[in-house]
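Trainee: There's a structure below that I have some questions on.
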Amino acid sequence: GYDVLLGSIAAFYVFMAPYTKVEESFNVQAMHDILYNRHHLDKYDHLEFPGVVPRTFIGSLLVSIFASPFVVLGSLLKWPKIYSLYLVRLVLGCIILFTLRCFRIQIWKKFGPQVEAFFVILTSLQFHLLFYCTRPLPNIFALGLVNLAYGYWFEQRFYAALRSLVFATLIFRCDILLLIAPLGLILLLSGSISLPKAVVSCAAASLLSIGLTTTIDSVLWRKLLWPELEVFWFNSVLNRSSEWGTHPFHWYFTSALPRTLVSAYPLFLVGLILDQRVRQYAAPVISFVLLYSKLPHKELRFIISSIPIFNLSAAVAATRIYNNRKKRFWRILYVLMLGSFLISLGCTAVTLMASHDNYPGGRALKSLHEIGGHLSNKSEELWVHIDTFSAMNGISRFCEHPDPWRY
């Protein structure tokens, strides 16, 4: 039931806001090319529009493999390509929510069914995690591996957790290194892992990860390439990411997390006080956000991997308040908590309405297709120029129509 609830909400967001933004453009176009151009690499979008830094094809390839049978069926039935955009996003959402399920099962085993229930409730009431889980960002591909790492960590499979984070770091998001470092240090100081075995385990995972990404991406980019190394050099060494805007050090804690967690934000802080186990699990994640705060350029998606742990802490607090709701002081907290849930629901509804109208390029192209539909019987081609703003705000190859349309 929890899987159906979370999956239904995520799917609803897909249908309400199907288009994608510029940050998702590489993986969206890559999935289109893998599904429709296949081995014809000359037609791949990234060779003509490579972007600021190269990205890996591994995530797009994985999603495309799962989506390909349905896309082939859609092609036989002559469905519009936009249906394939819905499909690949739904497939990605299923993958991410499956990894979240793996983490949630460990929450149930370690903290009990009530904490798991409140974890699901809080996740459902928040907008961003379920909205982003279907969006093909490198951060979201990394989130799937981080969710698995959290599950392994709770299961006390510490080396498997570290290997998952290494894989996420070297293939999808180099900044997950800021999560490996504090987690590895805590595991080492607590005696949960030995340094020699950890080094061997992480080195083997590193060699496998680098070998996989360089092999696949060098072929598709047509040059010897390790994408995340170039991303690390561009963002961290050259600090070029600040060209896209900066925020103060405290921005994640005073703006991004309150807007994302909403009612879970004060509950998260209460959970840290009430349960020592929560402090143990939250410490490396809070350190991750603090370390990331040093970088001037900040976006919510950069720290989205921290949200599941923050929700866990909030769920622990909500469970304690619920179980003690008949006592006088706790009854007041219980009423305040229910009120905050309603506020979260209202904030989610407002944010969804804003997101629905936040892709003017995609909606404009859809309107143009509808206007020009009566011309499609003519023999001449219908040419459409896609400018920068439109390409950044909703238009992708999945939005294109077949002949006589040309883009």
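Each residue's number is its place along the chain shown, starting with 1.
Here the Cβ of each residue, glycine as well, is placed from N, Cα and C on the backbone.
Checked TrEMBL, it gives:
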{"type": "TRANSMEM", "residues": "57-77", "note": "transmembrane segment"}
{"type": "TRANSMEM", "residues": "83-103", "note": "transmembrane segment"}
{"type": "TRANSMEM", "residues": "115-131", "note": "transmembrane segment"}
{"type": "TRANSMEM", "residues": "137-153", "note": "transmembrane segment"}
{"type": "TRANSMEM", "residues": "165-189", "note": "transmembrane segment"}
{"type": "TRANSMEM", "residues": "249-274", "note": "transmembrane segment"}
{"type": "TRANSMEM", "residues": "334-354", "note": "transmembrane segment"}
Trainee: Thinking of Cβ pairs under 8 Å, which stretch from 57-77, 83-103, 115-131 has the most of them with the transmembrane segment (334-354)?
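Mentor: Stretch with maximum Cβ contacts: 115-131.
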Trainee: Looking only at the recorded stretches 57-77, 115-131, 165-189, 249-274, which one has the largest tally of CB-CB distances under 8 Å to the transmembrane segment (83-103)?
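Mentor: Highest pair count goes to 57-77.
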Trainee: Using a Cβ cut-off under 8 Å, which residues of the same chain at least 6 positions beyond either end of the transmembrane segment (137-153) come close to it?
Mentor: 23-24, 27, 55-56, 58-59, 92, 95-96, 99-100, 102-103, 105-106, 160-162, 164-165, 167-169, 172-173, 176, 179, 183, 281, 301-302, 304-305, 308-309
